[in-house]
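Sequence annotations record features per position, and here TrEMBL assigns Zn(2+) binding site to CYS85, CYS88, CYS126, CYS129. If you look up TrEMBL, you'll see 1-82 marked as domain 'THAP-type'. TrEMBL lists 83-153 with the feature domain 'ZAD'.
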Amino acid sequence: MQCSVPTCETTADTISEADGITFHEFPNEGHLRNAWLKALGIQVSPLPDSAVVCSMHFLYDDIDETESGLKEIRSGAIPSTVQVCMMCLETNGKLFEMSKYKLEAAYERLMGQSLCDQGKLNNALCTQCLQLLVKFSSFRDKALSTRSMLMELGI
């Protein structure tokens, strides 16, 4: 079994169970299947029955574990050829979509730029950057509140 993403070399032979990488079939729903093909830059038609995408091309939040321990892709999830933290370029860790945690505004305050469409790059952060961004946002809010109180007191 080999991942069908053109730039991916992941095969069932090159990974171990400890890696936690799983393989997932293309969806049967036409619009979702087409979205996967477009996102991955695959133009082969028809796709072989054995075509799969490895879990490395999905965000951590896109994968659910069933009660029996199987990993399934959430309905509507779209894979990506580029899975990288947009703040530190981490590629090996779990990635989290900023919009799911409502962190777009915090990102914009930190970076001084609005969050824009990154093309094939998801607006995702690794665990460490997500935690740091939340801490930054909280610290900034506290500092602004303190400054406001001090100004009201004339200090």
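Cβ from N, Cα, C; glycine included.
Same-chain residues that are not part of CYS85, CYS88, CYS126, CYS129 yet have a Cβ within 8 Å of the Cβ center of the Zn(2+) site turn out to be MET86, MET87, LEU89, GLU90, GLY93, LEU95, LEU125, THR127, GLN128, LEU130. All protein chains considered, the CB of CYS88 (Zn(2+) binding site) has 13 other CB atoms within 10 Å.
Around CYS126 (Zn(2+) binding site), the C-beta neighbours below 8 angstroms that are at least 6 residues distant in the chain are CYS85, MET87, CYS88, GLU90, GLY93, LYS94, LEU95, PHE96. Within 10 Å of the C-beta atom of CYS129 (Zn(2+) binding site) sit 22 other C-beta atoms, taking all shown protein chains into account. Each residue in the domain 'ZAD' (83-153) gets a DSSP state, and the totals come to 38 helix, 8 strand, 25 coil. Residues in the domain 'THAP-type' (1-82) partition by DSSP class (helix H, G, I; strand E, B; coil) as 20 helix, 16 strand, 46 coil. Around CYS85 (Zn(2+) binding site), taking its Cβ as the centre, 21 other Cβ atoms fall within 10 Å, counting all chains. Across the domain 'THAP-type' (1-82), mean pLDDT in this model comes to 84.
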